[in-house]
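Asker: Shown below is the structure under consideration.
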2 protein chains.
Amino acid sequence: MLQDKFRLQIPGPTPVPPRVQQAMAQPMIGHRDPDCSRLVQECSRRLQPVLGAREPVLPLTSSGTSALEAAVVNTVSPGEEAAVVVTGAFGDRFAKILKRYQVQLHRLDLPWGEACPPETLASFLKEHPGVKAVFLTYCETSTGVLNPVEELAATVRQLTDALVIVDGVSCVGAVPAKAEAWGIDILVTGSQKALMLPAGLSFAAVSERAWQVIEKNPQPRFYLDFQAYRNHLEKDTTPFTPAVSLLFGLREVLDMIEEEGLEKVFQRHRLMMKMTREGIKAMGLSPLTSDEAASPTVTAVQGGKSWSPEDLRKELRRLGIRLAGGQQHLKGKIFRIGHMGYHDPLDILAALSAIEIAGVRIGAPVDSGAGIKAAEEEWIQCTEF
Amino acid sequence: MLQDKFRLQIPGPTPVPPRVQQAMAQPMIGHRDPDCSRLVQECSRRLQPVLGAREPVLPLTSSGTSALEAAVVNTVSPGEEAAVVVTGAFGDRFAKILKRYQVQLHRLDLPWGEACPPETLASFLKEHPGVKAVFLTYCETSTGVLNPVEELAATVRQLTDALVIVDGVSCVGAVPAKAEAWGIDILVTGSQKALMLPAGLSFAAVSERAWQVIEKNPQPRFYLDFQAYRNHLEKDTTPFTPAVSLLFGLREVLDMIEEEGLEKVFQRHRLMMKMTREGIKAMGLSPLTSDEAASPTVTAVQGGKSWSPEDLRKELRRLGIRLAGGQQHLKGKIFRIGHMGYHDPLDILAALSAIEIAGVRIGAPVDSGAGIKAAEEEWIQCTEF
């Protein structure tokens, strides 16, 4: 196939827009230079509406997992109790980090592909009244589930004084996130998903209530110490040399989001989700999650008895499109389509076409053309685009 | 002055070469894609000669300080004894991290601007026979001192079984570094100095002896867990999404280093150091360090009674060149010239000229033209270039 032309449609890293690439290629500046201070200040403030943050967002130079770890080491210490809602591989990662730091862990495991109902969390919290923090996953990347974090946060707030900590890595920037309004104490995300950047930056919005816990928490931390980031952000800088080129890119990304309009960005992602799901169903395949639990950023599709998702992905690669496989026990059993960030509805039609072609070729029970038709109809009916 | 034209000559971040900028703008790829595996594998192996590493170098997505912290949390645990040689702000940073993690700290403080003599370390180690690890700084960025880490490492090895841990952030890639041959157990460095990249990647070379300690060390760590990086590197990947765009850039940097030749890179840095130092002296100013203790990557210059380095830097900024000031107690007392990475001897002449012009303008006792003449003579006498 045409060399160097391929469509990256995995749930992150996502494609980087050309103007963001260009912005990142600006001449390097010193990290203590006034130009860099303006850059840090601008990025941390303009991210506030994206996360729904009360105060400027803390920018860490590291990938998403470090922000999960930061949320842990800043808030809980060994022996304290914490609850984790595990709906897939990234809820499980929170659990792994907590366990590594000897936090007394209460795991609420749900079947992979399902979202956590607020009632289930409520019962669970009643059984564990001692928890100091509840760790949630907004979009569970491994299954394409969007957990109802607004309701889950409200449930926690109603029943306990525990902090509400949310991993928003694979959806913030593509779906509404209102950390302060929803009572989320820490919301973290990363650069390489809906924010259309390469990996290397992660972000945290921290509530006043969380700061009170953080200030008293004896758990040692240095590079991931939120207080160091807040103290330096007050002087428009970072405690350690930041990934300046990614900050140049972030400023451009924020321009793009503001030009399109945050609400429109969300609508575009919802349309891409609907087109993907209706297309997949109409061609004869089955999404892993229900419509109600589905994330606007990633869709997982189940494999069948007569065909393997890995064979499908291999064939898709030949056609010029790269999708993701399953993680942990879903490895070989699903494939995942990322539809977040620098993607538009036409990309979805191309992806669905490719899946139809590859599906027929590998002998999957796929009805060629039917998926595209259903997806087009979703778009035709959509009044916003 | 001409807009957007400025010379960044601080001791990091350093300018990014145009071909590296272009390499970083390649279309994004998935972090679990075979293309990314090849990239990770290639970078980690081609870095081996740069660090003198026995095995492929671990690539972390984070800035230099996180690599210092990783060296701490992977090797020592609370209550254990460690020695730190503090020759400036970055030795002090090692001490701060160790203290944060409740390691029993023995600080060997030297006057800022001096290197640590091996005999001084030897006496110090004899007083503290219980230390499990000795933390050293190769180039102390805050003073422009290059510590004799080969001799210091040999001293440690001769006297104790302690691990030798070296911060090479502001010089590796510009000066010889032979981790294995010199008996350095952990050598860390960062992307934004001699390696000519933006900040966002850091690297660690780990010895077999260090792995044995690391494997048994109970200190919890997750994102900075060296074992996770080694285990994944065996499968040509990273445990967490890496900063892929910086890895694209790193591959290009390694091409550049190999094309110039590592030995030539070192010679170029030595010439730039000599030109800088002789120029500074000839124009009537005083380097902070002796010739013997000087680093080929950064030169600190003392302020005078009649003029302030901060005024000089302000004037230099107007002329189109950005130098660094002092850190901690040297703030306002020195200025620092970075001469590492994407700089050539002509850049040094431009910097010296600018310092002469700015110096005369602010009333510093500077002999205009004399610095340039001395620097040119260094170059004329240099047989390699």
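In case you wondered, yes, glycine gets a Cβ from its N, Cα and C as well.
According to TrEMBL, the protein carries these features:
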DOMAIN    A:28-328  domain 'Aminotransferase class V'
MOD_RES   A:Lys193  N6-(pyridoxal phosphate)lysine
BINDING   A:Arg336  substrate binding site
Asker: Going by DSSP, is the residue listed as 'N6-(pyridoxal phosphate)lysine' part of a helix, a strand, or coil?
Answerer: coil
Asker: Radius 10 Å, atoms counted are CB only; among the recorded positions A:Lys193, A:Arg336, which position scores highest?
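Answerer: Answer by Cβ density within 10 Å: A:Lys193.
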Asker: I need the CA-to-CA distance for A:Arg336 (substrate binding site) versus the residue listed as 'N6-(pyridoxal phosphate)lysine', whole Å please.
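Answerer: About 14 Å separate the Cα atoms of these two residues.
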Asker: So what pLDDT does the domain 'Aminotransferase class V' (A:28-328) average out to?
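Answerer: The predicted confidence over the domain 'Aminotransferase class V' (A:28-328), as a mean pLDDT, is 98.
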